[in-house]
Amino acid sequence: MNIFEELKARGLVFQTTDEEALVKALTEGQVSYYTGYDPTADSLHLGHLVAILTSRRLQLAGHKPYALVGGATGLIGDPSFKDAERILQTKETVLDWSQKIKEQLSCFLDFDNGENKAELVNNYDWFSQISFIDFLRDVGKHFTVNYMMSKDSVKKRIETGISYTEFAYQVMQGYDFYELNAKHNVTLQIGGSDQWGNMTAGTELLRKKADKTGHVMTVPLITDATGKKFGKSEGNAIWLDAKKTSPYEMYQFWLNVMDDDAVRFLKIFTFLSLDEIAAIEEQFNAARHERLAQKTLAREVVTLVHGEAAYQQALNITEQLFAGAIKNLSAAELKQGLSNVPNYQVQAEDSLNIVDMLVTAGISPSKRQAREDLQNGAIYLNGERLQDLDYSLSTADRIDNQLTVIRRGKKKYAVLTY
């Protein structure tokens, strides 16, 4: 199958401007294409990964990617389907975030090898060189207000109010396409389905200003089987930066994907062939309780984003915590694996008697309950059962001289830090 057919088979094509013409272009020669990433945070997240990996698939098929960091559009803010105006960031912040996003993109696209090696561009480079008057005369005149207001991405905001700044965003994104076409012969833009309105503004500008045809292809916004927006864990984004979301947290996210999503996500987020995925699906459906699809998904994506060593560490943390083998893990590994459990900073004046500490740290609700928990064998200190009511914590109980892990019952953990 050709690359477009593969993208479709993987569920990666949501909408195109002219499918027949796009398929013809992709099968007859090398296509230069771009995907834009606005620096709205200091890291990309899993939601961005769909477009990034789609871009990589096209590169592997011989086409040339341009990764556009929106240093200028990031200063404005995209209003698409947003309920309220974005908070404007400072130029210094956007510049810093732009650099970090550039570094992350370098992990996924090949910027070094072959005639189709990826190139990084920043739209601040051209927007900083064009005057407001020139922009209105040379670009703005090609867009009617009626056309701009008809976009689904802004209709909702028209009712509640939208600033001229954000209203002009689609014109800026449209100009990106024009600029990249003029300088690099870029003829295809790839983005999320929520970007359709902004992206087709680019094909409109190309047609009117340069009498050229541009293509747009959107990838779907991923939701889980319940319709919940993908890439969030308990309201928090799953970031690609290991400092913001540890490899262990990312591993757990994939491991806990619902059965009805697992195979679909293997097609979208991994480079396993469709035949390999079909074989995994057959095994998975025969014994879903073994969670083969989720385990494969976790392995492939964590390795892709963070590397083999990070995957092996995440796997080891998972296995050791499941076995209760706390002492087999370093303090750094425990901080990853127990990042979401209550943490108590031990104070100099705190009593180190275990009964007192269980209450002080909020592990047991009262001294009476703490004593009962100890006597009943429900308390574990660094993975080992403790029943001595007179036991006092010492430096010997500190893993790497940094922390102590206490468990009450099977699942209630607390971390003491010093």
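Even glycines carry a Cβ here, placed using N, Cα and C.
Keep in mind it's a predicted model, so treat the numbers as computed, not measured.
Swiss-Prot lists Y34, Y169, Q173 with the feature L-tyrosine binding site, giving sequence analysis as the kind of evidence. Within 10 Å of the C-beta atom of Q173 (L-tyrosine binding site) sit 28 other C-beta atoms, taking all shown protein chains into account.
Note on the motif ''HIGH' region' (39-48): mean pLDDT across this stretch is 90. Residues or ranges marked as motif ''HIGH' region' by Swiss-Prot: 39-48.
For 229-233, the entry in Swiss-Prot reads motif ''KMSKS' region'.
For K232, the entry in Swiss-Prot reads ATP binding site.
The domain 'S4 RNA-binding' feature in Swiss-Prot is assigned to 352-418.
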Q. What are the DSSP helix, strand and coil residue counts for the domain 'S4 RNA-binding' (352-418)?
A. 19 helix, 20 strand, 28 coil
Q) Per DSSP, what is the residue count of the motif ''HIGH' region' (39-48) in each of helix, strand and coil? A) 3 helix, 1 strand, 6 coil
Q) Relative to the Cβ position of Y34 (L-tyrosine binding site), how many further Cβ atoms are located within 10 Å? A) 25
